[in-house]
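Have a look at the structure that comes next, please.
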Amino acid sequence: MQPNDITFFQRFQDDILAGRKTITIRDESESHFKVGDILRVGRFEDEGYFCTIEVVGTSTVTLETLTEKHARQENMTLEELKHVIAGIYPDQTQFYVIDFKCL
C-alpha cells in the first residue's frame, strides 16, 4: 500500500470531497509542499486514503492575518478557523496555507 503524502482529520473529509474546503493551514513541518505537487490524501485517524489533490497555491499567514476568505475556503467562520488552528497548533504564530483542488 502506498503511503499518504498529507492527512486531514476525518471530520474534514466530506468538505474536501465536496469542494467546500479548498485550503489547509499547516505548521512549518508541512511547509515544503509546492505548486504542482500531486498528493495522496488520507485520514489522520486511520491513514485511510480518500482522494488525490493538486497543490495550486501556497502562502504564509499568522493567526492575526487570517481573513474571512481563508475561513470560507476552510468552510468555517473566521472565529471557528482561529479556534481550530490555535487548538491544533498551540503556541505557534507562523502558518503555511496550501491551496488545493481534488483530482
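Easy rule for this one: first residue shown is 1, then count along the chain.
Cβ coordinates are placed from backbone N, Cα and C, and glycine is handled just like the others.
According to Swiss-Prot, the domain 'ASCH' annotation covers 6-94. Per Swiss-Prot, the feature active site, proton acceptor maps to Lys21. Residues or ranges marked as active site, nucleophile in Swiss-Prot (evidence: sequence analysis): Thr24. Swiss-Prot lists Glu74 with the feature active site, proton donor, giving sequence analysis as the kind of evidence.
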Please report the number of other Cβ atoms within 10 Å of the Cβ of the residue listed as 'active site, proton acceptor'.
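Excluding its own Cβ, the number within 10 Å is 20.
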Between the Cα atoms of Lys21 (active site, proton acceptor) and Glu74 (active site, proton donor), what distance do you get, rounded to the nearest Å?
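Per the Cα atoms, Lys21 (active site, proton acceptor) and Glu74 (active site, proton donor) stand 5 Å apart.
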Roughly how many Å lie between the Cα atoms of the residue listed as 'active site, nucleophile' and the residue listed as 'active site, proton donor', rounded to a whole value?
7
Where does the residue listed as 'active site, proton donor' sit by DSSP, helix, strand or coil?
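SS state of the residue listed as 'active site, proton donor' = coil.
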